[in-house]
Amino acid sequence: MVQKLHPCTLHYSFFPFSDVIVVRLVVLKHERAGPDVSNRAQETLQQFCQWQHMLNDRNDDALNHHDVAILLTRHDICRATNKCDTLGLAELGTMCDGRKSCAIIEDNGLSAAFTIAHELGHVFNIPHDDERKCAEFMPLNKHSYHIMAPTLEYNTNPWSWSSCSSAMLLRFLDHQRAQTQCLFDKPTERRYYEKMFETPAPGAVYTVSQQCKFVFGAAAEICPYMPT
């Protein structure tokens, strides 16, 4: 998942580049072992943010200290009753805020990497590509939408960032220098770095049919008439 995320955060369109370093992986095998997770997106985000704050090492130089926390869940998260098309949720501009620098992601397969990139964008105070504040940087039409598109559609460019995203990131880092200092400390140890890059590239581990099964179940197959 992180290997699929890297091409997004290190893409030249995301300037200045942001290298995602995994400092800790926590697998919750029992519901009581972690925060209260449900299909209610806002409540789950609040519960997870509180939980990760208690779990995080307050020492910024500690090996287990994280700058942002991400929850992956198989719950079908909903923003409201009968509105369960939500894939992720985060608060805007909370990067380096120990209590709010967090996001929840619906694990719908390998494509969840794009949702992680999208929600990290919100944590960096980046709006959706169709919002009015983006109009000064680019035309507001679907062909200009990238990772921060309001919805992931066939004409979205999920591997790269719009000119609005890049401009908003620079503006956030410039205006919130004191708040975002946590981003500039290098990890003292990359415990998952070698393991991650020893594995084959994205798309080489799982076939297209296997990826379909992850998302739609064991009976799913790629359509043989799909163009390659």
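Cβ coordinates are placed from backbone N, Cα and C, and glycine is handled just like the others.
No curator has checked TrEMBL annotations; they are predicted automatically.
Take the CB of GLU119 (active site) and look out to 10 A: across all protein chains shown you find 22 other CB atoms. Under the three-state DSSP scheme, GLU119 (active site) falls in the helix class. Per TrEMBL, the feature active site maps to GLU119.
The feature Zn(2+) binding site is assigned by TrEMBL to HIS118, HIS122, HIS128. Taking all protein chains in view, 20 other C-beta atoms sit within 10 angstroms of the C-beta of HIS122 (Zn(2+) binding site).
For the domain 'Peptidase M12B' (1-187), the model's pLDDT averages out at 89. What TrEMBL records for 1-187 is domain 'Peptidase M12B'.
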Cβ-based isolation winner (fewest other Cβ atoms within 10 Å) among the binding-site residues HIS118, HIS128: HIS128
